[in-house]
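Below is one structure, written out as structure tokens, with a few remarks after it.
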Amino acid sequence: MRARSGVRSALLLALLLCWDPTPSLAGVDSAGQVLPDSYPSAPAEQLPYFLLEPQDAYIVKNKPVELHCRAFPATQIYFKCNGEWVSQNDHVTQESLDEATGLRVREVQIEVSRQQVEELFGLEDYWCQCVAWSSSGTTKSRRAYIRIAYLRKNFDQEPLAKEVPLDHEVLLQCRPPEGVPVAEVEWLKNEDVIDPAQDTNFLLTIDHNLIIRQARLSDTANYTCVAKNIVAKRRSTTATVIVYVNGGWSSWAEWSPCSNRCGRGWQKRTRTCTNPAPLNGGAFCEGQAFQKTACTTVCPVDGAWTEWSKWSACSTECAHWRSRECMAPPPQNGGRDCSGTLLDSKNCTDGLCVLNQRTLNDPKSHPLETSGDVALYAGLVVAVFVVVAVLMAVGVIVYRRNCRDFDTDITDSSAALTGGFHPVNFKTARPNNPQLLHPSAPPDLTASAGIYRGPVYALQDSADKIPMTNSPLLDPLPSLKIKVYNSSTIGSGSGLADGADLLGVLPPGTYPGDFSRDTHFLHLRSASLGSQHLLGLPRDPSSSVSGTFGCLGGRLSLPGTGVSLLVPNGAIPQGKFYDLYLHINKAESTLPLSEGSQTVLSPSVTCGPTGLLLCRPVVLTVPHCAEVIAGDWIFQLKTQAHQGHWEEVVTLDEETLNTPCYCQLEAKSCHILLDQLGTYVFMGESYSRSAVKRLQLAIFAPALCTSLEYSLRVYCLEDTPVALKEVLELERTLGGYLVEEPKPLLFKDSYHNLRLSLHDIPHAHWRSKLLAKYQEIPFYHVWNGSQRALHCTFTLERHSLASTEFTCKVCVRQVEGEGQIFQLHTTLAETPAGSLDALCSAPGNAITTQLGPYAFKIPLSIRQKICSSLDAPNSRGNDWRLLAQKLSMDRYLNYFATKASPTGVILDLWEARQQDDGDLNSLASALEEMGKSEMLVAMATDGDC
């Protein structure tokens with residue numbers, strides 16, 4: 001009340017000073033002369049301008065805060081707090097003169113005490129603002145809010161001690177006490193402040209948690225969460241983290257020698273628990289440190305002589321012989337050989353003949369034996385030389401013959417490449433000649449006849465050879481045609497004719513661009529035959545889409561397939577434009593091989609080009625055919641490396657901070673947040689043989705049948721839009737039509753085959769040509785998911801062309817599992833018009849490329865408000881974490897916590913999920929449950945809820 005009376009008295013005083021009591025007559029001066037109607041007026045004084053405005057302040061304990069205001073030109077400055085004028089006595093005023101302008105500068109100061117702030121009732125904070133007067137009017141300053149600063153003593157959540165194995169992730173949670181201003185949080189490791197910029201193994205999340213990416217032995221320490229603001233500093237209880245190492249066995253040592261050198265014994269081997277040794281309380285190695293086994297060592301047997309043989313007849317040299325062998329027993333198992341001589345001789349004439357009488361063990365007593373050995377060795381040497389000479393002669397003959405054939409093949413391959421031919425001595429190429437690109441097709445003879453004189457591009461280097469394999473090169477290439485030129489037309493650069501399709505397996509079309517011969521072959525030499533080269537080529541429009549995107553983002557979609565790529569706003573750097581594409585790989589060879597109970601659950605999808613810099617994750621959506629039941633599946637995402645082999649990216653529910661992506665699994669699709677573009681496929685592995693795949697069964701028949709035979713094709717496909725679309729396109733080329741709407745079938749991991757059979761055939765007019773009662777598709781053909789258009793054909797025959805009605809039942813079931821029955825009734829004379837065309841040409845969404853704001857359901861202004869409101873951690877948990885929980889995206893929150901805007905990434909994922917819905921109801925419901933009513937008002941104002 002006193003403040004108001006003071007202000008009134010000040011205003012009254014100002015009015016009295018400005019009031020002139022002297023009356024005056026308009027247009028008459030004091031002498032009675034008529035005055036002019038107007039005088040030149042002085043320039044009007046400007047409105048007050050604030051040089052200093054009051055700033056927000058906090059009252060610490062009982063110390064009042066000072067608020068300052070400075071303005072010019074100003075005759076008066078007063079403070080107004082919470083709508084009431086502050087007493088003039090509480091103002092401290094200073095005046096000065098601005099030397100530059102000569103105007104008077106007025107500065108006012110007041111103090112606000114804790115008591116004044118506490119006496120305020122209501123939800124609004126205590127505020128003050130300045131009001132400055134001049135002769136031209138008044139000006140108000142900004143509002144300055146004054147709050148009582150505090151910091152509670154108790155933490156909402158304190159870190160807990162943990163024992164973790166080496167190289168595992170560690171999460172220490174901390175929720176600081178409530179305070180004004182909001183407390184800043186830092187972590188201490190053994191009383192040293194943790195700086196993630198210096199040690200990247202540490203990560204501080206946006207909600208103040210500490211994450212150790214891979215625990216090291218050096219990370220064993222005491223960790224403390226510290227919260228501080230201008231009032232106080234609080235420390236949490238210390239959490240001790242122990243990084244332990246479980247012991248591991250070393251390799252087994254070699255087996256020791258057998259304990260007995262002869263007969264039965266024992267031998268053992270040992271290992272030590274040192275690979276690694278247990279540390280910090282880690283578990284000791286499980287198992288035995290040594291192994292013992294029985295051994296049997298075969299005893300050695302020494303050789304012994306047999307009895308001497310009888311003496312031989314007396315020879316011309318007056319001697320006879322006898323022999324013995326070391327065979328009683330022979331030496332075995334390392335036993336000693338017999339000692340002594342093999343042969344023995346003596347004079348057989350009782351001394352009548354003494355010529356050359358020597359014993360055989362005398363080396364000089366066998367001159368004939370020595371000469372015989374020399375002759376034998378000489379003969380062997382001569383034989384070796386003869387064999388070598390014959391082999392060399394044969395080799396020379398074969399080499400010359402191969403050279404002639406090779407030269408002819410080179411000539412033929414050059415002619416095939418250049419379009420020319422030889423008028424004489426033309427030899428048909430061998431079918432197995434690897435130098436020819438197209439051995440089974442005749443050369444292109446549209447070029448002028450004669451021998452080609454220009455350079456020959458025979459593609460003989462290893463980098464130029466195009467292998468004839470089932471690699472991904474053969475399937476996606478769209479009609480690579482090679483133009484060939486004669487020497488007479490090289491100068492003009494025009495080709496004479498188009499060559500045959502490369503490898504003879506490509507669909508019709510032309511190679512992009514108008515290349516000359518040299519440029520084209522240079523491209524073949526420099527380009528890689530891997531996936532990166534193929535991605536630049538034109539593709540089937542039904543399985544490929546591309547677009548140019550900037551920083552505003554957009555969406556690529558393949559209609560009728562469930563495959564899309566969402567590029568969020570800000571994912572592409574400012575000022576850059578990327579040509580992005582999305583492609584479904586149809587070839588079976590582009591799918592990874594299934595091992596064990598693994599199965600391919602989605603199509604192989606390529607988004608590219610790879611290696612682009614992305615500022616935030618993009619969202620790739622692919623359909624899958626898994627019946628999602630918790631605990632039945634082990635899901636994996638795999639990517640194709642540059643060498644063509646597949647590598648695991650992530651196993652769901654086993655993510656760590658180093659995982660480069662996040663998978664949001666829905667009932668029939670999977671949304672993948674990616675930092676890198678590439679080729680991806682979603683796979684699953686049955687856990688304890690309880691997993692179930694969703695299949696769809698489709699029956700096709702010929703649209704027009706003019707013969708007695710009639711066939712039914714029963715397809716067993718993965719329950720994805722991609723699989724059905726491929727079969728519809730295939731049947732359209734075969735002239736078939738869909739007899740009945742596809743039906744679902746649950747296929748269990750039970751090793752049981754899929755059985756198909758026909759029933760209730762009208763035998764009076766039809767008969768089945770199938771000898772057996774049923775057909776079966778092996779379990780692994782269905783389960784692995786890598787075989788496209790899997791089907792069985794039932795061939796029937798009608799007795800006459802007059803039989804145009806056909807009815808039967810088709811039963812498809814898994815042995816000891818579920819099944820489906822089709823009741824068919826068709827008229828052969830009626831051709832269903834356009835049934836497949838309607839299915840193939842009417843996808844759920846015909847738009848393939850959406851750019852900028854048109855691709856998103858949430859307007860950018862609403863998105864920014866939601867992010868600014870939910871990104872900051874809230875002690876009540878009413879932030880992005882609760883939003884993720886409400887939207888069922890909280891499977892691994894640490895992925896979002898590492899992003900600059902967790903809310904933005906969650907909204908990107910929501911955008912990918914809501915591609916077909918097109919409204920904001922689910923998001924609005926989540927925000928309403930969170931109590932974010934101001935966001936609902938913004939959505940109702942700016943959006944189209």
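Every residue number used here counts from 1 along the chain in the order it is shown.
Glycine too: its Cβ is placed from the backbone N, Cα and C atoms.
Keep in mind the model is a prediction, meaning the values are calculated, not measured.
DSSP assigns CYS130 (disulfide bond) to a strand. If you look up Swiss-Prot, you'll see CYS69-CYS130 (among others) marked as disulfide bond, on the strength of similarity to another entry.
Swiss-Prot lists CYS81-CYS128 (among others) with the feature disulfide bond, giving similarity to another entry as the kind of evidence. Counted within 10 Å of its Cβ, the other Cβ atoms near CYS128 (disulfide bond) come to 22, all protein chains included.
The Cβ of CYS174 (disulfide bond) has 24 neighbouring Cβ atoms from other residues within 10 Å, across all protein chains displayed. DSSP gives CYS174 (disulfide bond) a coil state; it is part of no helix or strand. According to Swiss-Prot, the disulfide bond annotation covers CYS174-CYS225 (among others).
According to its DSSP assignment, CYS258 (disulfide bond) is coil. A simple way to gauge crowding: the CB of CYS258 (disulfide bond) has 17 other CB atoms within 10 angstroms, across all the protein chains here. Summarising the annotation, Swiss-Prot assigns disulfide bond to CYS258-CYS295 (among others).
Taken from Swiss-Prot, the feature disulfide bond covers CYS262-CYS299 (among others), and the record attributes it to similarity to another entry. In the structure as shown, the Cβ atom of CYS299 (disulfide bond) sits within 10 Å of 13 other Cβ atoms.
In the three-state DSSP scheme, CYS285 (disulfide bond) is classed as coil. Swiss-Prot lists CYS273-CYS285 (among others) with the feature disulfide bond, giving similarity to another entry as the kind of evidence.
The number of other CB atoms found within 10 A of the CB of CYS348 (disulfide bond), across every protein chain shown, is 17. The disulfide bond annotation in Swiss-Prot covers CYS314-CYS348 (among others), and the record cites similarity to another entry as its basis.
In three-state terms derived from DSSP, CYS318 (disulfide bond) belongs to neither a helical nor a strand segment and is classed as coil. The annotation disulfide bond is assigned in Swiss-Prot to CYS318-CYS353 (among others).
Sequence-distant neighbours of CYS338 (disulfide bond): residues of the same chain at least 6 apart with a C-beta under 8 Å from its C-beta are GLY303, ALA304, TRP305, CYS326, PRO331. In the three-state DSSP assignment, the secondary structure recorded for CYS338 (disulfide bond) is coil. If you look up Swiss-Prot, you'll see CYS326-CYS338 (among others) marked as disulfide bond, on the strength of similarity to another entry.
Residues of the domain 'Ig-like C2-type' (153-242) grouped by DSSP class, helix first, strand second and coil last, total 3 helix, 40 strand, 47 coil. The feature domain 'Ig-like C2-type' is assigned by Swiss-Prot to 153-242.
Per-residue confidence over the domain 'TSP type-1 2' (302-354) averages 84 (mean pLDDT, predicted model). According to Swiss-Prot, the domain 'TSP type-1 2' annotation covers 302-354, on the basis of sequence analysis.
The S-palmitoyl cysteine annotation in Swiss-Prot covers CYS403.
DSSP assigns TYR581 (phosphotyrosine) to a strand segment in the three-state reduction. Among the features that Swiss-Prot reports, phosphotyrosine is placed at TYR581.
Swiss-Prot lists 689-838 with the feature region 'UPA domain', giving similarity to another entry as the kind of evidence.
Among the features that Swiss-Prot reports, region 'Interaction with DCC' is placed at 707-725. Sequence-distant contacts of the region 'Interaction with DCC' (707-725), counting only residues of its own chain at least 6 positions beyond either end whose CB sits under 8 Å from a CB of the stretch, comprise 542, 560-563, 584, 601-603, 623-625, 668, 693-701, 731, 736, 739, 742, 744-745, 754, 756, 758, 766, 769, 777, 782, 785, 788-801, 806, 810, 812, 824, 828, 840.
Among the features that Swiss-Prot reports, signal peptide is placed at 1-26, with the record citing sequence analysis.
When secondary structure is read from DSSP and collapsed to three states, CYS348 (disulfide bond) falls in the coil class. Using Cα positions, the member of the disulfide-bonded residues CYS258, CYS273, CYS314, CYS348, CYS353 nearest to CYS174 (disulfide bond) is identified as CYS273. Checked against CYS69 (disulfide bond), the disulfide-bonded residues CYS81, CYS128, CYS262, CYS348 differ in C-alpha distance, with CYS128 being the nearest. Taken residue by residue with DSSP, CYS81 (disulfide bond) is part of a strand. For CYS81 (disulfide bond), other Cβ atoms within 10 Å of its Cβ number 22. Put simply, CYS258 (disulfide bond) is 27 Å from CYS285 (disulfide bond) when counted between their Cα atoms. Secondary structure of the region 'UPA domain' (689-838) per DSSP, as helix, strand and coil residue counts: 23 helix, 73 strand, 54 coil. In terms of DSSP helix, strand and coil, the domain 'TSP type-1 2' (302-354) has 0 helix, 11 strand, 42 coil.
Long-range neighbours of CYS273 (disulfide bond) (same chain, six or more residues apart, CB within less than 8 Å of its CB): GLY247, GLY248, TRP249, SER250, PHE284, CYS285, ALA289. Annotated pair CYS225 (disulfide bond) and CYS318 (disulfide bond), C-alpha to C-alpha distance, rounded: 114 Å.
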